[in-house]
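In what follows, a structure is listed as structure tokens, so that the remarks can point back to it.
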Amino acid sequence: MQAAEITAADLPPLPTRRGFAKWYSQPVVQVCLIAMVCFLCPGMYNALSGIGGGGQVDPKASNDGSVALYSTFAATSFFSGTLCNRLGARLTLGVGAAGYALYIGAFLSYNINQNSGFVVAAGALLGVCAGMLWTAQGSMTLAYATESTKGRLFALFWMIFNMGAVLGSAIELGLTYDSEASTVSNSVYAAFLAIAAIGAFIPLILVSPGLMVRVDGTRVVVPVHPSWKTEIVGLYRCLRYNVWIILLFPYFLSSNWFYTWQFNSYNGALFTLRTRSLNSMLYWLFQVFASLAFGVAIDSTRFRRVNRAWGGLVFVTALCMAVWGAAYHFQKGYTRADLAEPRAAEFARIDFKDAGYANHVVLYIFMGIMDAIWQNFAYWLMGAMSNDASQLAYLVGFYKAIQSAGAAGVFRMDSNLAPYMTELAVSWGLNAAGILFVIPVILLRVTDRTDEAVVTADEVPTVVASSALEKEGSLDEKKGSMA
């Protein structure tokens, strides 16, 4: 390996920290604060999405808004790693968080005046913001972790983040418990709007990533004022020298695809409003436990990292096939035509007090568990490839871009009234394809240790090149591609 010497001037000096300041600057505390941003912003979005149709009886407006959202999300995410490295992770996270309150406000407006155009426009803007938020979140969370804690630190983030959706769903359940309507009330949207607005200000109190020190004493290196040209070249080189990432695109594509069938075609189609809220709360609550258990297991030092990768893939495969097999069993009992006129009046939606509800909700809980583990495994795989925060920003950006392109496609599919069984079959098939393409990545790319950027708190640090990307070009280019 080649090493490149850089001077102390290339990194900001560390302030003297004692007491609260020392505790506050710990990686675990900062990850918790990042998670709180997602607790308050994407968490409220997930609570609305989880009950199907954004809380509306007719999912048309929600689907159209989601198509716009995920289309711009996909386009922005491809370059969001560049934006994150150029603007800084804190600013990128803050700008990204601001879009969620507007989107929730658009549904409040729709409840009052049926202005679907506002929902679509707000969705398009949120897509840009979400691409920025998730790239900043992913790069910071993975960069702050050491080799042995990436699974657990991301699991901690995922737990706190999903508790936001649990809280939101509990609010929905409380406000709709005695309601016979199939659309959530203005008070629900107003409460979510206020909560999401608070979350947009948390990035202001985060410690600068350039001043972060990991628990093993190594510094987190951020790009030193990279130019736009440097970042665009870095994005190109990341793809050129990490062609393996293309093999993960099917896994990324399917990671949000199944939401549409789960939220709209299952929860939104089969259940009463208050039961949809309860189901959503349980869906996100069990993600908390699943992400914790998976994060601890995937970081276990009892086994080599390569063996943990294979074990994780086997578990993901078994869980995925079991969930979709059970989903197929229930899907055979109803069609989209059953919910359309003139048969809609005869279709009895399931309430949590009805016989047979338990079987349906258990399946929905396992859908949530599958989602948590699918996403956690994706982030763990990326974290196993690199410790370089700017490189991770590119990788997370690719992940969110492909993921969002898939979501845009399936929401359009649902908006065009594709049969529920077709949506299920495509979702199942994409999950299976994604799993197959992970196999060569583990074979060829996952090792027991990642060559990492090693920067201690000493006055003159040394950076060890961790990829062909860092071995290329001049020292200035290297500084621009490191984080």
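Residue 1 is the first one shown; counting continues down the chain.
In case you wondered, yes, glycine gets a Cβ from its N, Cα and C as well.
Values in this document were obtained by computation on a predicted structure and should not be read as measured data.
If you look at the transmembrane segment (27-47), the same-chain residues 6 or more away from its ends with a CB under 8 A from one of its CBs are 93, 97, 100-101, 103-104, 130, 133-134, 137, 140-141, 144-145, 153, 156-165, 167-169, 171-172, 192, 195-196, 198-200, 202-203, 205-207, 212, 214-215, 280, 284. Feature annotation from TrEMBL assigns transmembrane segment to 27-47 (among others).
TrEMBL lists 67-84 (among others) with the feature transmembrane segment.
Feature annotation from TrEMBL assigns transmembrane segment to 91-110 (among others). Residues 34, 37, 40-42, 44-45, 48, 54-56, 61-62, 65, 69, 80, 83-84, 116, 118-119, 121-123, 125-126, 128-137, 140, 186, 189-190, 192-193, 196-197, 199-204, 206 of the same chain, all 6+ positions outside the transmembrane segment (91-110), place their C-beta atoms under 8 angstroms from a C-beta of that stretch.
According to TrEMBL, the transmembrane segment annotation covers 116-134 (among others). Long-range neighbours of the transmembrane segment (116-134) within the same chain, counting only residues 6 or more positions beyond its ends whose Cβ lies under 8 Å from a Cβ of the stretch, are 37-38, 41-42, 54, 60-62, 64-77, 80, 83-84, 92-93, 95-100, 102-103, 105-107, 109-110, 396-397, 400-401, 404.
Same-chain residues lying 6 or more positions outside the transmembrane segment (155-175) and placing a CB less than 8 Å from one of its CB atoms are 28, 31-32, 34-36, 38-44, 46-48, 50-51, 55, 137, 141, 184-185, 187-188, 191-192, 195, 274, 277-278, 280-281, 283-285, 287-288, 291-292, 294-296, 372, 375-376. What TrEMBL records for 155-175 (among others) is transmembrane segment.
What TrEMBL records for 187-207 (among others) is transmembrane segment. Long-range Cβ contacts of the transmembrane segment (187-207) within its own chain (Cβ-Cβ under 8 Å, at least 6 residues beyond either end) map to 24-25, 30, 33-34, 36-41, 44-45, 47-48, 55, 90-91, 93-94, 97-98, 100-101, 104-105, 107-108, 111, 168, 171-172, 175-176.
If one looks beyond the transmembrane segment (241-261) by at least 6 residues along the same chain, the residues whose Cβ comes under 8 Å of a Cβ in the stretch are 49, 70, 327, 367, 371, 374-375, 378, 381, 385, 395, 398-399, 402-407, 409-411, 413-414, 420, 423-424, 426-427, 430-431, 433-438, 440-441, 444-445, 467-469, 472. Feature annotation from TrEMBL assigns transmembrane segment to 241-261 (among others).
The transmembrane segment annotation in TrEMBL covers 281-298 (among others). For the transmembrane segment (281-298), the residues of the chain that approach it from at least six positions outside its boundaries are 46-47, 50, 151-156, 158-159, 162-163, 165-166, 169-170, 172-173, 262, 267, 308, 311-312, 315, 361, 364-365, 367-369, 371-373, 376-377, 380, judged by C-beta separation under 8 angstroms.
Only residues 6 or more beyond the boundaries of the transmembrane segment (310-330), in the same chain, are considered here, and those with a CB under 8 A from a CB of the stretch are 261, 266, 294, 297-298, 303, 360, 363, 366-367, 369-370, 373-374, 377, 380, 424, 427-428, 431-432, 435, 438-439, 442. The annotation transmembrane segment is assigned in TrEMBL to 310-330 (among others).
Marked as transmembrane segment by TrEMBL: 361-380 (among others).
The transmembrane segment annotation in TrEMBL covers 392-413 (among others). Taking Cβ pairs closer than 8 Å, the transmembrane segment (392-413) reaches residues 63, 66-67, 69-71, 73-82, 84-85, 89, 127, 130-131, 134-136, 138-139, 142-143, 234-235, 238-239, 242, 245, 248-249, 252-257, 259-261, 378-379, 382-383, 385-386, 422-423, 426-427, 430, 483 in its own chain, all 6 or more past its ends.
Long-range contacts of the transmembrane segment (425-444) within the same chain, counting only residues at least 6 positions beyond its ends with a Cβ under 8 Å from a Cβ of the stretch, are 244, 247-255, 257-258, 260-261, 306, 309-310, 313, 316-317, 320-321, 324, 327-328, 374, 381, 406, 410, 413. Feature annotation from TrEMBL assigns transmembrane segment to 425-444 (among others).
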